[in-house]
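Peer 1: Checked TrEMBL, it gives:
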type     : residues                                                  : note
ACT_SITE : Asp26                                                     : active site
BINDING  : Asp26, Glu213                                             : Mg(2+) binding site
BINDING  : 27-31, Arg39, His43, 71-73, Trp75, Arg77, Arg194, 200-202 : substrate binding site
ACT_SITE : Asn74                                                     : active site, proton acceptor
Amino acid sequence: MISGETTLDVRRRLPGVPAHVGIIMDGNGRWAAMRGLPRIEGHRRGLEALRGTVRAAIDFGLDYLTVYSFSMENWNRPIEEVADLMGLLKRFIRNDLGELHKSGVKVKVIGGRTDLKPDIRALLDEAEDLTRSNTRLTLIVAFNYGSRQEIAAAARALAEEVAAGRLKPSEINETLLSQRLDTAGVPDPDLIIRTSGEKRLSNFLMWQAAYSEFVFLPMHWPDFDRHAFETALAEFSARERRFGRVTAQGQNGKTKKI
Ligand code: FPP
């Protein structure tokens, strides 16, 4: 955001700002290794980058920002690193919740809660309860999240409803399954950004990303800043989204793209 600019000015400068952006915050470890620092330092700086990104998302006028903070697969990391990431989540909620609430941010957490320690579960509940009525930006923290596990849980919920006689198998459709995902009620992400040059989804929002645009940035997550965010949004604005349909030109019978 250029100094003195309002959210409306940014919207004018970056037409077609997406409603929902998902971010795979990758590269903290490499950022630290390149500097001869311990991995935790990369995660700490990653938390700083996340803070700036939330502020930018508010300024850019996004409605939803989903960040991949801890995947179900991340439990396989060394025990100390897992503890560090849990500690950072606690620090984020304890230090930033007041500020997030004041800024009108609604916090929502997706992912498995039962595997988390009671103090973390309590903090996540507190964050959601306090900010439930906020409407400026919904910050969705994917923590202990895995898309396959989320889809399997939704399938299980539907199967239980069938077994209980409340639902017929023939009634199951995309809408009913979507409504049983952790993201029920949240529009699908328009744009997914991944830092650190990797080009994969890594079990993040796989159902929801069916028609998302992807922007892959070479920088490591701690270096992601407002300028990088704007670059990704500008690239998104320049793309043509067809959702499986033909282009306007195609409809006129000239070119057909799928
Ligand atoms: C990926 O980098 C990043 C993570 C697994 C954790 C993301 C965490 C933060 C951005 C900060 C903490 C924020 C919260 C809310 C807990 P990597 O470690 O896989 O990096 P590498 O691929 O270079 O090793």
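Quick reminder: no glycine exception, Cβ is built from N, Cα and C everywhere.
Automated prediction, rather than curation, is the source of TrEMBL annotations.
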Peer 1: Using a 6 Å cut-off on Cβ distance, which of the recorded positions Asp26, Gly27, Met72, Glu213 come close to any atom of ligand 1?
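Peer 2: The ones that qualify, in sequence order, are Asp26, Gly27.
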Peer 1: With Cβ-Cβ distance below 8 Å and at least 6 positions apart along the chain, what are the contacts of His43 (substrate binding site)? List them in sequence order.
Peer 2: Asn28, Ala32, Glu81, Asp84, Leu85, Leu88
Peer 1: Fewest other CB within 10 angstroms, which one of the binding-site residues Gly27, Gly29?
Peer 2: Gly29
Peer 1: For the residue listed as 'active site', find which of the recorded positions Met72, Asn74, Trp75, Arg194, Leu201, Glu213 come within 10 Å, Cα to Cα.
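Peer 2: So the list reads Arg194.
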Peer 1: Which chain-mates of Glu213 (Mg(2+) binding site) that are at least 6 residues away have a CB under 8 A from its CB, listed by sequence?
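Peer 2: In sequence order, the residues whose Cβ lies under 8 Å from that of Glu213 (Mg(2+) binding site) (at least 6 apart) are Asp190, Leu191, Ile192, Phe236, Arg239, Arg241.
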Peer 1: Could you check the binding-site residues Trp31, Trp75 and say which one's CB has the fewest neighbouring CB atoms inside 10 Å?
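Peer 2: Comparing Cβ neighbours within 10 Å for the binding-site residues Trp31, Trp75, Trp75 has the fewest.
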Peer 1: Identify which of the recorded positions Asp26, Met72, Asn74, Leu201 has its Cβ surrounded by the largest number of other Cβ atoms within 10 Å, counting every protein chain shown.
Peer 2: Asp26
Peer 1: State the count of C-beta atoms found within 10 angstroms of the C-beta of Arg194 (substrate binding site), not counting that atom itself.
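Peer 2: So the Cβ neighbour count for Arg194 (substrate binding site) comes to 24.
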